[in-house]
Structure formats: C-alpha cells, structure tokens
Amino acid sequence: MSETTSTREERKPPLNGRRALPPNNSNDEENEVPEVDPFGLIPRGFNPKDYLRVVDIYMFKEPHEINKQQHHTDKYYNPKLIVRRGQPFQIQIDFNRPYRPETDQFWLEYLMGRYPQQNKGTYIPIIVGNVLKPGEWGAKITHRENNSIRLSIMSSATCIIGKFRLYVAVWTPFAILRTHRNPATDTYILFNPWCQKDAVYLDDEKEREEYVLNDVGIVFHGNVEDIKSRSWSYGQFEENILDACLFLMDKAELELSGRGNPIKICRVASAVINSRDDNGVIAGSWNNSYDYGVAPSAWTGSVDILLEYYSSKQPVRYGQCWVFAGVFNTFLRCLGIPARLITNYSSAHDNNANLRLDFFLDDEGKVDTRLTKDSVWNYHCWNEAWMTRPDLPVGFGGWQVVDGTPQETSDGMYRCGPASVQAIKHGHVCFQFDAPFVYAEVNSDIIFSRMEKNGTQVIEKIDTTHIGQLIVTKEVGGDGMVEITEEYKFREGSDEERLALETAVMYGVKKQTTRDTTYQPQTDIDMDFQVQKAVLGNDFKVTITFRNRSRNSYTATTYLSGNIVFYTGVPKSEFKKHSFSAKLEPSSSSSFDVVIKSSEYMSDLLEQASFHFFVTARINETGKILAMQKATILEIPTLRIKTKGELVAGKEMSVIVEFTNPLKQTLENVTLRLEGPGVLRTIKKEFRSIPMNSTLTWEVKCIPMRPGLRKLIASLNCDALRHVYGELNVQIQKP
C-alpha cells in the first residue's frame, strides 16, 4: 500500500493558492477512475460478481450504422464514435443477466480531461429516465432483450466539444462498480449545424453540405483585373485530422469548459494557426526565400500541414494568407462550425487603422519607397465562420470574419476576429473583436501626396474606390465564384455608405481629414493605362491614354515605373523606368505604348508573377500631377492531369500529370505534388531538371477508397516558377 501512496503523492500537481485545481486545458490527459468506489468499509462476504455487471458496450460506430449516418459523421476516417451535440445517439449495453429496473440501478458517466468537474461540463453523469428533453443531457431505454438494453442518449446543445471517455457505473449496497477504462468506447462530440439549439445552427441543407461537409474548396487569387482560382483540399475527414484539430485547442491552452463556445474557439484558433508568439501551426514567409521548408505556393491542401504539426509540435514552414485560411477552414469544418474562405481584392494593409493609405511621391512624381509604409495587397484571404453572437446586440450573428494570417496584434497576440460582417457593413466597429481592422481592410482611401520644398503637403490624388472593390467566395454546390462585396459594404457613393463611414468614425476609427492640406486636382485631363495580357516569358506592352477635354494645348512629362511586387503590394525591385513627353492637343485623346521585354523582368520574378505599374504625369503648364497605379499578373502555365484504368472504389487506377516548360531556360530542382481526398494521400516527386520546351510526364498508381465525385489537385514548384497548378474532377464508381 505504501508504495502506491508515494507514487500518488509524486503525481500531485504543485499547489497554487489561487485555485483548488490546476487548469484543465488538455483533452488528451486523463485521470484514474476507480473501478470499485466503496461507501465505507466493505463487508467480508461482498462479491462484486453477485451484482449486475457490464459485459460489453456496443457503440454503433461504423460509418454505415445509425449513429454516424444520422449525425452526418460517416465521412470521418476514424474508428471511434463521432456524434454532434443536441441530437440523440444509440448505444447497447450487454449485462451478465437481464436488467431489472425495480432493483438494478446504473448510470453513465462522460469524462474529459485530467480534472473532471460537473460544474465545468467535464464530468457528466447521466441517469436513465423515461423521456429525453431536446438539447439536454439524458438517456432512456428504447429496447430490452435477454441480457441487453438499447439506450438513446441525448447530449446538451451547449456541451463542450472534444473527446469524452465513457464509463458505466452500477450501484450496489456497499460500493459503486464501474467499467474499466476502454478507449474503444471513447465518444467525440462535435458542433451541430443541424440542431436549432446549437449556436452554429444553419438552416439551409445545401449550405450545410457546402460549408461543413465539402472537403475541397477553391481559393480565388490574382487581382481584380485578372482573377485566378485554384483548388484546395481541406481534408477535414482524413485520418488523424480530428485529433490534430483538438490538439490545436490544447496547444492554445483553451480551458476545456470554454470549448462549447464557437466565439472562444475561433478567437484562440486565429492565434494558434500562425506561429507568431505561440509557436502555432504555420510560419509565414513573404520574402521569396523558403529554405528548410516548403514554398507556400507548393501546398495543395491542409492535411500535410496539420499532420506534420500534430506529430512534430513545431511550426510548419511556410505559409501565406491562403495557406493560413485553408488550414483554418479545415479546423472549423472539422469541428462542425460552418466556414468559408473569402478573398478581398485590393486589401488595405494599413499600419495605423486610420482609413487612409498614404503613398508619398517625390518631385518627379515617383513613389518614394522610404516614406511609404502602407501597402495594398493584390488580394487577401480570410475566413468566415457562422454562429450566433449572444455577446453582441441582436442582429450581429451570422457570418463572422476570422483571420489566421499574422498582420497586427489584437489584445497582445497576432490574431483577428471573430468580427461580425453585419457590424462591419453598418460601421458598428465598436463590437468585438477587431472590427476596425477589418473595416479598414475593405474601406480605406488611397491618398497620393507630395511634399513641397517649404514642407507643406500637397495631395495630388484621392482614390476612394480602389480598396476592397471586390470580395468573393466559392459558390454553394459548384466551383464558380460568387461576389459578396454587398455583405461588407454599401454601394460606393451611396448615402448608406457615407452613414456607415460616419458611424465607424464615431466609434473610433481614425479618419484624418484632408482639409488641412491643399487638394486641387487637374480636372480637364483624364489619364488611364492598360496592361496587355501576357504569358510568362513573353514581351508585352503598356498603353497610356490621355484625354484632354479643354481648349488648351498641354504637354505632360510622363513617367512609368514597373515594379516586381509581392502579392502583398510590397515592391521587391524596380525593373522598368521609362519617361517621355506627351503632347496633348485640345479636345482630343492620344495614346502612347511602352514595350516591356521579358529579359527586363525574368531574372527578378517573384512567385506570383505579379507586377505593379505606377504612371505619373506632370502637366508642365499648370504643375499639376496625374497619378495612377495598377497591378497585373502574368499568365502562368498549368499542369494537365488525366486518369487511366477503371475509376472504381477499391480498384487500382493511374493518375498521369503532364507539364511542358514554356520558359526560355531549364527549370531545375522541380517538386511535384499530387493529392485528392478519398482517392490518394499526398505524394511528392522531385525532378532534377526540365529543359526548355520539353514535357515531363509522371504516373502515379493509387486505389481510391471513397466513391462519388472527387477532385485531384497537383502543384509544381521550383525557384524559377511557382504557382503552377492543375486539377481534375473524377467520378469514382461504387464497386
């Protein structure tokens, strides 16, 4: 006896004067539950075998059985029982003899964590009764036969989510007898968008199928003039992903008792998805060098990232916004919170949330990179999660912005949200969390200004429509794009938009007035420019057009600057400078072409083949400046995917990936990736070199597991060429 006592002593946590129990924030840790719990001294003749004893518990946990079918959890590649809260599920208990309700008494116990407590929702005793109340814990017997009983168990619609341990306890006159610890009876309880009492209830079945059950999605990228899309494999049902997602909440040290609340879960997850300040899942890198890691553009889905993090516990390198958003979406859908991935084109990254992005020009009208700190991202991806917001006034539930990309700190950590989309639209940015930041991302103005020699600031141009001009997501039930800009803002220039802005300013969004600086633009001349669509590795031209609406002749000293930029709008290098003098005749239009050669840009190209052009023109007669800026993206070649053999679940088939090198150079150290949820796990292959104009062919054999419409996704990656994708929809037949 003494030996066991001493080991117990050692295991006790250190005492802490503030709380009786240490924090309970690990779903993985367990406590020891006694199999015999005596009420006092046990008489000598007491034999537990004389009483009702549990021989076996049957969980109905196979994908084709009633529980997983009714709870929409049959797709999870996980042998244990997975149910959704607030909805009844069935189990069967086999005893050593028939159950006699008059004399026998038993109950169920669900436990979570190391220090289960009833008032924290981590210890749940369930007495068997006659009725089930919707959305409250309870159990009733639905069927009795020989030594077996069937139970219908209802979980609370607000219970914590995660993995519970199940014990059956039997009352005897001298002690409580419990079943021994059996991992096979562990039960995962998830959020339930099908249950009206759940905070994440979504009333449209098509939307539930998309936002909870669809395991592939589309990421829209590129820019407003040239929208590109690629598929992303969320893989929320793949093996070990559910455990990896629960581990993220342990990593974020979220108290178990808080895990029934989707607001808390989203807030801590937006911090733990990125590695800043908490060693979270993904390390971001925006500098085009990806040593000791995978380039963000090479990932084809979330599964590899989550599994690597779950096993190594170290941040996975590297991600950019769509990678953070893709993994976050997997996390949310896996736990049962409806979620979608959003792209905001021309997204403001504003360093001080003052609703203006300042671009400073020098005397020649060029952008002064030393002074200009703000940037416009070509696009930025975040997520929306669907939930009620009982912490806010009525009307602000529904879609909430959550963002795992580390941009600014919120309450001391890199995280963002949940912020109500409805609150952002109406300018009610006083409502938590981080609404002013998101409001600025979609509503800022761009202000071009120049310092005069005497120190006064002259505003040359104000662009109120460039930021947040298009916000999109994937359509429900298809691969198309649907615009949701109207959900974030009223129409530009409408009365409602002005009112929302005034509301946001009233609630503390900083809006500097432009009254204290002189602003008198040149109104009788319009300038615009167009960039020709071009394929990577080819020459293209930029056409600048002036329209002189006055009766005067003008000359314009025109300056074009071409920069290679990160998709975040931060320039890497200027590869083209070109200036010329343009003569503008009265009441007429004139155009000028500037040719961009591939040799000028290929050596410095960044992975998204993204350029940013500034055109500024000084009207010599008036000294006024016209300024304009546009981003453009080159066409990147794609991968071709085809299949060979019969497409039947359980039978071997071949997938063939082909790529032709279009560049005027050899590609070296090329990595190909291929994945398809339900068809094959991610496979990588390295190729030493692909000479110019030659074609690479890669054949992979696999055995698809799940019938139905599936998607194959491939990516190619090397230093000279990134963001090369291909995809194919395949219909896998039932055997």
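Glycine is no exception: its Cβ is also placed from the backbone N, Cα and C atoms.
A TrEMBL annotation is a machine prediction, not a hand-curated record.
According to TrEMBL, the feature region 'Disordered' maps to 1-37. Marked as compositional bias 'Basic and acidic residues' by TrEMBL: 1-13. For 313-406, the entry in TrEMBL reads domain 'Transglutaminase-like'. What TrEMBL lists as active site is CYS321, HIS380, ASP403. Taken from TrEMBL, the feature Ca(2+) binding site covers ASN443, ASP445, GLU492, GLU497.
The Cβ neighbour count for GLU497 (Ca(2+) binding site), using a 10 Å radius and every protein chain shown, is 17. Counting only the Cα atoms, the space from HIS380 (active site) to GLU492 (Ca(2+) binding site) is about 20 angstrom.
Listed recorded positions near ASP403 (active site): CYS321 (candidates CYS321, ASN443, ASP445, GLU492, GLU497; Cα-Cα distance within 10 Å). Taking only the Cα positions, the spacing between GLU497 (Ca(2+) binding site) and CYS321 (active site) is 28 angstrom. Sitting within 8 Å of the Cβ centre of ASN443, ASP445, GLU492, GLU497, and not among those site residues for Ca(2+), are the Cβ atoms of THR464, THR465, ILE467, GLY468, LYS489, GLY493, LEU501. The Cβ of CYS321 (active site) has TRP377, TYR379, HIS380, CYS381, TRP382, THR405 as same-chain neighbours under 8 Å, each 6 or more residues away in sequence. Annotation for the recorded positions HIS380, ASP403, ASN443, ASP445, GLU492: lowest Cβ count within 10 Å of the residue's own Cβ, GLU492. Sorting each residue of the domain 'Transglutaminase-like' (313-406) by its DSSP state yields 15 helix, 41 strand, 38 coil.
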